[in-house]
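Pulled from TrEMBL:
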DOMAIN    3-77  domain 'O-methyltransferase dimerisation'
DOMAIN    99-149  domain 'O-methyltransferase C-terminal'
TRANSMEM  168-189  transmembrane segment
DOMAIN    190-329  domain 'O-methyltransferase C-terminal'
ACT_SITE  H258  active site, proton acceptor
Amino acid sequence: FPYPQVMFTACELGVFDLLLESGEPLSSDAIAACLSTSTMGMERLLDACVGLKLLAVEMTQKGALYRNTEISNIYLTKSSPKSQYHIMMYYSNTVYLCWQYLTDAVRNQYERAFGISSKDPFGAMYRSEEEMLKFMAGQNSVWSICGKDQHMGSKFTLPASMRLNPPLPAWFCGGIVFVAPLTFCFALLKGGGGALAQECVSLYPNSTVTIYDLPEVVQVAKEQFVFLEEPKISFHKGDFFNDPIPEAELYILSKILHDWDDDKCKQLLAKVYKACKQGGGVLLVESLLNEDKSGPLETQLYSMNMLVQTEGKERTAAQYIKLLEAAGFGVIHVKRTGKLYDAVLGRK
């Protein structure tokens, strides 16, 4: 448990950003002075970061000098194109507060941590505009690592009637559309900050993307993340459980169904099926459990995270197939990517 907290604290204090900007190794005293912390506390924090391979230390006649490692430069500095700073802050300020109540996680953990009903799983994530921005920026940052994770050997094998161009890659970002006609549209439910939408229109220039999310999320996305001059990306405000879903040829539900119980998943998928154009489909992007639930360990831990934060869980491929079939989808294909997330594609 202390390991990630060390990383979170160093990120929040700006240790990695300072060392990147300095262009040279710094002493613990200099870092403490720049960041207005205690010298003793900073020295211990820096040494712990060295132990975690987040910093490197050089012993000189003037004492220890600290510098970033390649890992911290790439992933933990705010200015890096692959920065994971925002998702680190989300985990620090929200997720880890919930994990304190793991033993009480009988759906009362949000009341204990935030005073928010467990029936409102996004209430804590969106409890203020600042926290909403952290969450959305954190979700966006994931695409910077995995958004172009394409592998020639990890494509779906589809019948000719569902041929895709480019071929359907197994990257979890899901920039996937049907080949006929050459101009097509697809919808991202809970599309957030728009990074996924931008990946999709980049890969498929003839496509149009609708980001569907809550009104307050759409507002922040327009202001902070998505360039308004991008004509291929549009927004649709609504609550997908209570409001109509726009018509599209492909719906991408990336890390959505794991937030909800089976009844809510069936309800949502039924609405998607009704709105989906004939011959279109839905792509589920989730971390799949083995059929006997023996692993992977990361997915088992994600499922624990769903326990302390939401009413959902991680599922097996068979469980997702059952949910899709109940909604009416057929010709279902499953692709395990060997990466963080897997893909399940169902056709109407």
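Each Cβ is built from the backbone N, Cα and C atoms, and glycine gets one as well.
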Check: What are the helix, strand and coil residue counts for the domain 'O-methyltransferase dimerisation' (3-77) according to DSSP?
Finding: 46 helix, 13 strand, 16 coil
Checklist line | Cβ-Cβ neighbours of H258 (active site, proton acceptor) (radius 10 Å) | finding: 22
